[in-house]
Amino acid sequence: MIKAVCPGSFDPVTLGHLDIIERAARTFDEVVVAVLTNPRKEPLFTVEERLEMLREATKHIPNVSVAAADGLLVDFARQQGCRVIVKGLRPIQDFEYEWQMGAVNRQLDGNIETCFLMSRIEYAHLSSSIVRELAYFGRPTEGLVPPFTARRLREKFAKTQP
């Protein structure tokens, strides 16, 4: 049995994230979606809110679980019994950083592999940052994020609209 971790900040989860998670779930026996915190960023949603959105978005995938992760990803992967880290790659912008992180993780634990899944062309332009900006200005996010997440974005930004 091969268990994988699919990490991210998921602030918020997008359809691009969900596509990578679904493809990982078809490839590996079990997938843990890890919600990471980045101390250099101020998130829009709390960890609990992001966990809730991910649980809702992945409830149709039986071999996927969702968990919060602090510290180094490779340590979390080891603690969870994951042998693979799954990362989605968008054209150009993600490769260098993700390759460096994969190399560092391999150096920290040679038993954990990094697997890159290329984003589908329809999601190559998509990022949580773009979704947050659209939502902030009151633009629809349907078709970019799961329906539950779109509702949460509308609720979050309803207070900021004139």
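Counting starts with 1 at the first residue shown.
Including glycine, each Cβ sits where the backbone N, Cα and C put it.
Record check: Swiss-Prot places Ser9, Phe10, His17, Gly88, Leu89, Arg90, Tyr123, Ala124, His125, Leu126, Ser127, Ser128, Ser129 at the ATP site, and the matching candidate among Glu98, Glu113 is Glu98. The binding-site residues under consideration are Ser9, Ser128. Their Cβ neighbour counts within 10 Å are lowest for Ser9.
DSSP assigns Leu89 (ATP binding site) to a strand segment in the three-state reduction.
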